[in-house]
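K.L.:
Here it is: the structure, laid out below.
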Amino acid sequence: MTTSTDTTQRGSAPQPGGTRKNSLTAGQMPRWTWIAVAIGALVLAAGLTALLGGGSFSWTGWLIFAAVLYIVGMYVTTYAIENKRRATDGIWRNLVWAAFILALIPLVSVVWTVFANGLPTLLANPQLLWTDMGGVTGADDIATQNEGASLQGGFLHGLAGTLMITLMATIISVPIGLLTSIFLVEYSRGGWFSRSIVFFVDVMTGIPSIVAGLFAFAVVELFITTFIGESPRHVQMIKMGLTAAIALSVLMIPVVVRSTEEMLRVVPNELREASYALGVRKWRTIFKVVLPTAMSGIASGITLAIARVTGETAPILVTAGYAAATNWNPFSEWMTALPVFIYRQLMNPTAPAAGLPSADRAWAAALVLIVIVMLLNLAARIIAKAFAPKKTGR
Amino acid sequence: MTETATEPAKRSSLTASRGGAAGDKVFSGLALAAGVIILMVLAFVAIFLVVESLPALWPEVFSDEESIESADTFWQYVWPLMAGTLIASIIAILLATPVAVGIALYISHYAPKSVATPVGYVIDLLAAIPSVVFGAWGMTTLAGGVVPLYKWLHEYLGWIPLFGGDAGNTGRALLTSAIVLAVMILPIITSLCREIFIQTPKLHEEAALALGATRWEMIRMTVFPFARAGIISSIMLGLGRALGETMAVTLVLSPGIFSWSIITSGRNATIPSEIALNFPEAFGMRQSELIAAGLMLFIITLVVNMIARWIVNRHKEFSGAN
């Protein structure tokens, strides 16, 4: 077994050791083949890695070699004992499993990095949640890094910004999105107009987020320079929470339209017809019958849309500026959202010479952001499950 | 109404229904207006971007200056950025597609049901992780981890121009951004492909198995032909996402001039990262340049997405992606 696995298998093929001869199982590999091949691959890979590594043993290299050897070994073994078709089947099964494991590595690593970096900081400094960066200077961070002073500042302003900007974006996009999907499902008759709306909503889904940010900036700039004034003070006004909210709305509207449209189409036509038959007006039917039936799906779709824009960085970066103090007013002054805070703390640490405190704050903020987004996603699922219309016994 | 309804009552019921009619009109008008707003927003996106980028596109005509700030002509300025964007996205697609299709197959056809459902949930949740977090991960964890790989690539495959440059010690190169992009678009492609694979008619699959096909042969004969259009369109949608992705690249890549070497840091840049890095401090001509670069990005993603949607619509009955 410790020698070449292939020859071992080939040798044992004609007399499957111990198992009863049976026409149905004849020509099949014994069940333990894959274990044998796996052990062989691991041992061989260990040898190869040690040889090629030249003294230093690389664990990653060992696992990669072992995986490749295992897949090849299984193919050869199956080819020898069974047939080519089985071998092809087996190699693809192994590749699919390999893809799955390969994808898990970075995804687990992302989550692990965030928790490992963010959780200790957040537990040690819970004040991060309710202080902002107002008054925190590079000197504070240098003191933290070099002299062990406590971590200053926090990201309350980020939380406030994210909350206000997302709220404004929701207020703008939900009515437009809802009404559009109602138009598409209830009013349009599949003419060119509704078809072009569907098409352009699809196109909107693909707008790069940074382009949405540029668009909002350009719109507000044009509006302010035309109607209010062109002085530097006015140009300064362009960057505010509302501009960011407009940018996020561009990203959010198509998501709301699509999910709501899907939900409205699921509402059975019998419900509408029953309502019409009672003489109820169309708009009242929509309000009292169609929307309540689809409510759970619509609400969960909107929650997912909110979750999506909460994590957006680029559009807010170009539209809302960057403030150190908490600003609750989205109509004036610069605002900082949580993702932008993370980005800025990583790229331009408060103290360029002492980046660790900034990185700590960024990771803690990243953890909070992930938790918020995951909670929103969970909420969407729970809403969809809990408030789903009762199934009638049909 | 009741049998004893008199003339006045009838009249009042008529007026009442007229009130309802007004409600109907108002509501359908509102719904229509919302649709119009959406079309207008998209038209405005295009118009505003064009208007704001005109000074950079034709400086002689639309601005007081002779040329743009960063280069002699706009095209000279933008082509390296476009090349960087395309290279990073294409590498990301090449890396992500096989894995994503693999996981989708794993969920739809290989994993036992008790495993497949949670894995599906997890993939959906991962699609929700904010891009800035992926960027931060790429910047701190991944960039350090890939340096030995880059050194190896440069040593043994250095004759390929892509690995020609010096690998450096930070790992903050275009290939690293491409890997981060691949990780980010993986959940998107996976969930779209899974939706389509699941829709393969059960009868086709069972017929193939009944004829003695192995599982792989069954997948090749029934699932792939059925899902081909859907796979292509989900790849295109993933490409659209990768092209426009900003934070992952901005945080990971240390930008610079265009170079074929994708393992050297301080080389290459992408349009979104160029905008994100420079827009907050830009004004005047520089701002126009960046918006014009954004317009180029918008056009590229628009074309990619339209092709994807066109494929989906052409094979509507075959696809779960629409």
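Backbone N, Cα and C atoms are what each Cβ position is placed from, and that goes for glycine too.
The compositional bias 'Polar residues' annotation in TrEMBL covers A:1-12. Marked as region 'Disordered' by TrEMBL: A:1-25. Annotation source TrEMBL lists transmembrane segment at A:32-53, A:59-82, A:94-115, A:163-185, A:197-224, A:236-257, A:289-307, A:362-384. Taken from TrEMBL, the feature domain 'ABC transmembrane type-1' applies to A:159-380.
Mind mapping these onto the model and telling me what they sit next to?
P.N.:
Within the chain carrying the transmembrane segment (A:94-115), a Cβ under 8 angstroms from the stretch's Cβ atoms is held by residues 67, 70-71, 74, 363, 366-367, 370, all 6 or more beyond its ends.
Same-chain neighbours of the transmembrane segment (A:163-185): 194, 197-198, 201, 241-242, 244-246, 248-249, 252-258, 260-261, 264-265, 286, 298, 302, 305-306, 309-310, 316, 320, 328-330, 335, 337, counting only residues six or more beyond its ends whose CB sits under 8 Å from a CB of the stretch.
Proximity of distant same-chain residues to the transmembrane segment (A:197-224), defined by a Cβ-Cβ separation under 8 Å and at least 6 residues beyond the stretch ends, is recorded for 180, 183-184, 188, 234-235, 237-240, 242-244, 246-248, 250-251, 253-255, 257-258, 312-319.
Residues of the same chain lying 6 or more positions beyond the ends of the transmembrane segment (A:236-257) and with a Cβ under 8 Å from any Cβ of it are 161, 164-166, 168-170, 172-174, 176-178, 180-181, 184, 201-202, 204-205, 207, 209, 212-213, 215-217, 219-221, 224, 228, 301-302, 304-306, 308-309, 312, 315-316, 318-321, 327, 329-335, 337.
Residues 166, 170, 173-174, 177-178, 186, 252, 255-256, 258-260, 262-264, 266-267, 271-272, 275, 280, 373, 376-377, 379-381, 383-389 of the same chain lie 6 or more positions beyond the ends of the transmembrane segment (A:289-307) yet place their CB under 8 Å from a CB of it.
Outside the transmembrane segment (A:362-384) by six or more residues, the chain places 111, 114-115, 117-119, 121-122, 125, 128-129, 155, 158-159, 162, 296-297, 299-301, 303-304, 306-307, 310-311, 338-339, 341-342, 345-346 with a CB less than 8 A from a CB of the stretch.
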